[in-house]
Amino acid sequence: MAELDPFGAPAGAPGGPALGNGVAGAGEEDPAAAFLAQQESEIAGIENDEAFAILDGGAPGPQPHGEPPGGPDAVDGVMNGEYYQESNGPTDSYAAISQVDRLQSEPESIRKWREEQMERLEALDANSRKQEAEWKEKAIKELEEWYARQDEQLQKTKANNRVADEAFYKQPFADVIGYVTNINHPCYSLEQAAEEAFVNDIDESSPGTEWERVARLCDFNPKSSKQAKDVSRMRSVLISLKQAPLVH
């Protein structure tokens, strides 16, 4: 007679299938199977959430257990962040470098025009420097010629003045006129020149020229100053005596 277990189920025969090693009976639920089914359901939910996040935002969600993108079978260093970004497109630095290269690259016509422009400017600078040197040399030469002409003109003027002086002192009354013309000399004054001229006239006087010599010493230019004395009558008397001297 088969023995009954404490739960009322008949115990198996020796060597037969065991009923208590995790295999559920016909009417009972296995706890281990239920736990495994629950874990599989949670894992499937997590995978579905990641798939929806990729479709919505375009970026993969965090990997479970710290696994890198691409799964545990991905090679180390191949699926890192930077390389993974380059697999989808160029990085920001690469895009900036390529943009600078495109900006720096210019058409052949523009490059040729720039070279011709530089050559033309260099030629203009060289021509300007050459003209400046020529102008300086020409200016120095003209200045030297001007100084030579001035010196020549000065020598001619001195020679003409000597000739004029010799001709002047050969004429009559040259000494008297010379005294009068030299009144601005610091050694002579107007009174001294007039006195010397009067003495010379007395020494060489001739009868009937006294009033003429007196009139020569007078200033007959009218004065317009109010403070000057009225000598118009005296002036008229001297002029009349000069023109018609008294007969002794």
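From the backbone N, Cα and C atoms, a Cβ is placed for every residue, glycine too.
Per Swiss-Prot, the feature region 'Disordered' maps to 1-92.
Positions annotated as compositional bias 'Gly residues' by Swiss-Prot: 13-25.
As annotated by Swiss-Prot, compositional bias 'Pro residues' applies to 61-71.
Confidence across the region 'Involved in binding clathrin heavy chain' (100-162), taken as the mean pLDDT and rounded to a whole number, stands at 88. According to Swiss-Prot, the feature region 'Involved in binding clathrin heavy chain' maps to 100-162.
Per Swiss-Prot, phosphoserine is recorded for S105 (among others), and the stated evidence type is a large-scale study or a structure entry.
What Swiss-Prot lists as phosphoserine is S206 (among others).
Marked as N6-acetyllysine by Swiss-Prot on the basis of similarity to another entry: K223 (among others).
The phosphoserine feature in Swiss-Prot is assigned to S236 (among others); the stated evidence is a large-scale study or a structure entry. There are 11 other Cβ atoms within 10 Å of the Cβ belonging to S236 (phosphoserine).
What Swiss-Prot lists as N6-acetyllysine is K242 (among others), and the listing cites similarity to another entry. All protein chains included, K242 (N6-acetyllysine) registers 18 other Cβ atoms within 10 Å of its own Cβ.
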Tally of DSSP helical, extended and coil residues in the region 'Involved in binding clathrin heavy chain' (100-162): 60 helix, 0 strand, 3 coil
Distance [Cα-Cα, Å, rounded] between K242 (N6-acetyllysine) and S236 (phosphoserine): 10
